Amino acid sequence: MGQSCCGCGSSRRSNASEPLLLENEREAVADLLQYLESSPLAALTTLSFSDNVDLQRSAALAFAEITEKEVREVGRDTLDPVLFLLGSHDNEVQRAASAALGNLAVNPENKTLIVRLGGLDPLIRQMLSPNVEVQCNAVGCITNLATHDENKSKIAKSGALVPLTRLARSKDMRVQRNATGALLNMTHSDENRQQLVGAGAIPVLVGLLNSEDTDVQYYCTTALSNIAVDGANRKKLAQSEPKLVQSLVTLMDSPSLKVQCQAALALRNLASDEKYQTEIVKSEGLPPLLRLLHSTYLPLILSAAACVRNVSIHPSNESPIIDSGFLQPLIDLLSFEENEEVQCHAISTLRNLAASSEKNKGAIVEAGAVERIKELVLAVPLNVQSEMTACVAVLALSDELKPQLLELGICEVLIPLTNSPSVEVQGNSAAAIGNLSSKAADDYDAFNKVWNKPEGGLHTYLVRFLGSTDQTFQHIAVWTLVQLLESEDEVLYKNIKTSAFLLPSIRQLAEARSSTPHGSPTAGGTDGGKRVGSDASISDQEMENGADEIAGLSRRILDLTDDGDELGSDRKDAGGAGESPVEGGDQNGLGLNGVDSGALRYGVVERDGEP
């Protein structure tokens, strides 16, 4: 990334304002190198440590010429004389020595050796030089050194960040470009990011977003994107940089694809916070994001999809996103088989848009999202299946849409997914079926059609979940059975009543009451899109309450099938069947808290974003 500001004629130094060597000097160096061919290092070392500045200049120029032609791993015997020359008070020696060191710093092994041998201190001194050429070469060398992970922390602690930040404002574009590149290289760890913030880098980087240089825009946009990963930094940005969002929105229309991409990614990271989610919409960020979604360039599609996903978390953004024309592009991206991440972002956004508005749910279904999900869901990767089934579960909360979803045959794909190798997919699919079963319609024929097929049908799924050691899966099954029986559909009643497996399992659960072993697997809905497993922190009381809920619903099933008397006189009244399977919740998912005894305890994340 780093570029020396003065070169020896190769294309690698195409930005030079003047050649390091005049033609006659180049010929002289060539003659010297030819003369010293037998032992050049020993001779150059002697010249380097000479008290004669002219000899030092010759040595420095020779090192610059040699390293320009060939970059390879070197040892201390080569670096010691170059580092010695770096400490010279002569600008010409400094300039050539830093050019040589910058060339050597392209090699990964050389990067770490230069730092271990103390190369940072003289480079920092050169960054403070009034000579622009010396500044540029020194910063370019630091930029190259900062690409190695082992060096980043050492550079941050060396005192280099303050002069780098100052030089990022240089009037010389070459110095500015190298300095912002170095600052970017320092943003890849939390510790370094905090030190950058402490060095005053944020206002400099934000100010340079308006630079006319594409490379500077790219370095600053990417650096700010990395800085915005940290919540504390986002808070500081919100407090001190009121023009940041508007600058990034503008850069999404840059002629440079890489700048467009990084601007969208920076907005994605900022949109982890509620303030920025609304500010992006108010700053007219949706039109350029929509344009990027229509791109044929994968990085642009990915960055825009990720950004829209986070922006869609805020309820007030749902309608603006839909009204701006995002639905069809998002549905089209569900078929984007080239990249699983794009598919996940698209379906997660659709789920967020459906979270709090019946109107939006209807618009999503009307746009063809459910048909596309049905077409794709059995063949997409597990992560995408999890998001798709979660989206269907949210759409199925709408009483108005349930008949339409059932008519589309969505249960035909949900039922096989209840036996997925993914626990998340199993739970989301079952939750969707449960939601559909509640007040579905006068006609429950859609459930009868899938009673025995596909893959054993609704019957086999219910038997499997009733026999699960997972309390949440048991709860889903008994809750769904209550809904199906309360529909008073004669065919469903007969299917349930005559099953050789369902009612025996229900009797066991009804009799178990609160005797569920404390060591059994637990579940509490979802957390960040991932279902909480047996390592979740679920209290004993919560587990006992869950077992009581299951027992109560089981007794309700036995009452509805006229088998309740078999339990004896100590049977408890289970009360009503409860509310819809998924209720309330926030972007962090639903747990056991606040769920009535009759309600389905498995929830899908209603709002989802990506940090």
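Quick reminder: no glycine exception, Cβ is built from N, Cα and C everywhere.
Noted in TrEMBL for the protein shown:
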- 77-119: repeat 'ARM' (REPEAT)
- 118-160: repeat 'ARM' (REPEAT)
- 159-201: repeat 'ARM' (REPEAT)
- 200-240: repeat 'ARM' (REPEAT)
- 243-285: repeat 'ARM' (REPEAT)
- 284-326: repeat 'ARM' (REPEAT)
- 325-368: repeat 'ARM' (REPEAT)
- 512-543: region 'Disordered' (REGION)
- 561-611: region 'Disordered' (REGION)
Problem - pLDDT averaged over every residue in the repeat 'ARM' (77-119) - result: 92
Exercise for the section: Six or more residues out from either end of the repeat 'ARM' (243-285), which same-chain residues have a Cβ under 8 Å from its Cβ atoms? Expected result: 206, 209-210, 214, 217-218, 221-222, 224-225, 228-229, 231, 234-235, 237, 291-292, 297, 299-300, 303-304, 306-307, 309-311, 313-314, 316-317, 320-321, 609-611
Exercise for the section: Pull the DSSP breakdown for the repeat 'ARM' (284-326) and write it out as helix, strand, coil residue counts. Expected result: 31 helix, 0 strand, 12 coil
Handout entry: Tally of DSSP helical, extended and coil residues in the repeat 'ARM' (77-119)
Key = 33 helix, 0 strand, 10 coil
